[in-house]
Amino acid sequence: MSDDSQGVSTYAHWVDKRFLERLAPAIFVVLWSTGFIVARYGTKDAGPLTFLAIRTGIAALVLFGVSRLVREMRVSRKQLPVQLAVGVGMHAMYLGGVFVAINHGLPSGISALIAALHPVITSVLARVLLNERISQRQAIGIVLGLAGVIAVVIERGGAGDGVTAFALISMSVAVVGMSAGTLIQRKFAQGTPLLAGTAWQYLVTAALLGIGAIGFEGWDFTVTTRSMFSMAWAVGVLSIAAILIMLWLLRRQAASQVSSLFFLTPAFSTVEGAILFQEKLGVLSACGLVVALCGVWLATSTRGSVLTSPQK
């Protein structure tokens, strides 16, 4: 192969890679934003812990199977405890907290607002624990993202019925879990096989939530068209596609950058609600969406690049 041909091939590969890196965050936000809708529908015919135990159990089996099929390297004994810790925080605590809170009547807007506090906590802890530098540009982006989220949820419903101490504690557990899981993944899980590692995360989640489901809900799951569709979407779109994208991004970006994407979840959930449930998208929500978009763009980009350099 000539030098020119090799150069063109290398450039084409770089362009495709850069395009994927730019597109992946947008895909993740759209997929992840459907999580509150799944929580709303999935818990109509099942207990929240039961639904999540089944969901993560199925996802674990699927990912273990795919990992073996593609002959991915296995998770080592040294890597396994890290993946289990990530699973407890990022999945068991976060998903369990969100689903339980919504099941106990916490309005989706308030749930989204509290969940969106996770990027702020993660960014601060990443600066302290991981020595990740947060530029003035990114700090402004984080503030704008939070402001946009607040604008959206203020118009969506405010603090109505369902804002109980138990629901707020559940959401607090979710936020702490996601922040801890993100930081552990970023700090200690570099080089871990993606499919097998995620499968182990889901396996420990299914075990923990399964115990809770039996103890507190009596394994409450009713087979209906709605529950099966919710389960299929939760497993395929959220537990597999969205999570794999997020973990892939964490390998290529700073934890604070990836976490800032969560600011867009409430805004996009509002748009989806307007389309699926004819919920009105008011002026304040529209403005909040724009502000959140600008904030995430600032928080996840640098002057010369959208993403940080890949980790070696």
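For all residues, glycine too, the Cβ spot is worked out from N, Cα and C.
Unlike curated records, TrEMBL annotations are generated automatically.
The shown structure was predicted, so the numbers you read here are calculated from the model rather than taken from an experiment.
Taken verbatim from TrEMBL:
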| type | residues | note |
| --- | --- | --- |
| DOMAIN | 27-153 | domain 'EamA' |
| DOMAIN | 167-299 | domain 'EamA' |
| TRANSMEM | 23-43 | transmembrane segment |
| TRANSMEM | 49-70 | transmembrane segment |
| TRANSMEM | 82-102 | transmembrane segment |
| TRANSMEM | 108-130 | transmembrane segment |
| TRANSMEM | 139-159 | transmembrane segment |
| TRANSMEM | 165-184 | transmembrane segment |
| TRANSMEM | 196-216 | transmembrane segment |
| TRANSMEM | 228-249 | transmembrane segment |
| TRANSMEM | 261-277 | transmembrane segment |
| TRANSMEM | 283-300 | transmembrane segment |
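Using a Cβ-Cβ cut-off under 8 Å and counting only residues 6 or more beyond its ends in the same chain, the transmembrane segment (82-102) has close neighbours at 35-36, 39-40, 42-43, 48-49, 51-52, 56, 75, 108, 111, 115, 167-168, 170-182, 184-185, 188-189, 192, 197-198, 200-205, 208-209, 212.
Listed as Cβ neighbours of the transmembrane segment (196-216) (distance under 8 Å, sequence separation of 6 or more from its ends, same chain) are residues 47, 49-50, 52-54, 56-57, 59-61, 63-64, 67, 72-75, 79-80, 83-84, 86-88, 90-92, 95-96, 189, 239, 243-244, 247. Long-range contacts of the transmembrane segment (23-43) within the same chain: residues 51, 98-99, 102-103, 108, 111-112, 226-227, 229-231, 233-234, 237-238, 241-242, 245-246, 248-249, 261-262, 264-265, 267-269, 272-273, 276, 296, 300, each at least 6 residues beyond the stretch ends and with a Cβ under 8 Å from a Cβ of the stretch. Helix first, then strand, then coil: DSSP counts for the domain 'EamA' (167-299) stand at 112 helix, 1 strand, 20 coil.
Across the domain 'EamA' (27-153), the model assigns an average pLDDT of 87.
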